[in-house]
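As given in Swiss-Prot:
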type	residues	note
ACT_SITE	T2	active site
BINDING	S159, C162, T165	Na(+) binding site
Amino acid sequence: MTTILSVRVQGKVVIGGDGQATFGHTVMKSNVKKVRSIYKNQVIAGFAGGTADAFTLFELFEKKLEKYQGQLQRSAIELAKDWRTDRLLRKLEALLAVADKKNSLIITGTGDVIQPENDIIAIGSGGPYAQAAAYAYALVYNTNLKASNIVKKSLQIASNICIYTNQSFTIKEIKSEK
């Protein structure tokens, strides 16, 4: 379990995540890099779920981005189709949160590609806590915090509540057209 959060505000899109990997109720590693810059640093992506499964999906998604010349939505849809229909891929248990300068998406193993409302994505066990915090910072308080600070503060809140989330954060940022 983990917490991955993406926020798009003030001309930036940010994805951040914690670094904890667990096996059952045991922490196996505390510094897993679950957020990465991919496709010529034009796309950022984070994963929740099985680590090995997610790394496999990262590789497949990168191949789709190469094949479709960085078209995020098309690449996501093609990955979701493969993920849903391929016998081996269907067994992979992970979610991907991906973003480029125009779009933010969640890709699921059931073949769903979801574009979030309000450009906030939260996945993983601590996702609801981080999402609530991000909404509070971005919408309720109408803050002037940078996107990266909203993500960091929201992940800190989630890590204080969710036992499967730690404070070893990886945060990636790219420019947004929105």
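Cβ from N, Cα, C; glycine included.
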Integer Å distance between the CA atoms belonging to T2 (active site) and T165 (Na(+) binding site): 5
Cβ-based isolation winner (fewest other Cβ atoms within 10 Å) among the recorded positions T2, S159, T165: S159
Na(+) site shell beyond S159, C162, T165, criterion: Cβ within 8 Å of Cβ centroid: T3, D18, Q20, S125, G126, Y129, A130, L155, A158, N160, I161, I163, Y164, N166, Q167
Around the Cβ of C162 (Na(+) binding site), the count of other Cβ atoms that are within 10 Å: 22
Separation of alpha carbons, T2 (active site) and S159 (Na(+) binding site) (Å): 9
Cα-to-Cα gap, C162 (Na(+) binding site) vs T2 (active site), nearest whole Å: 9
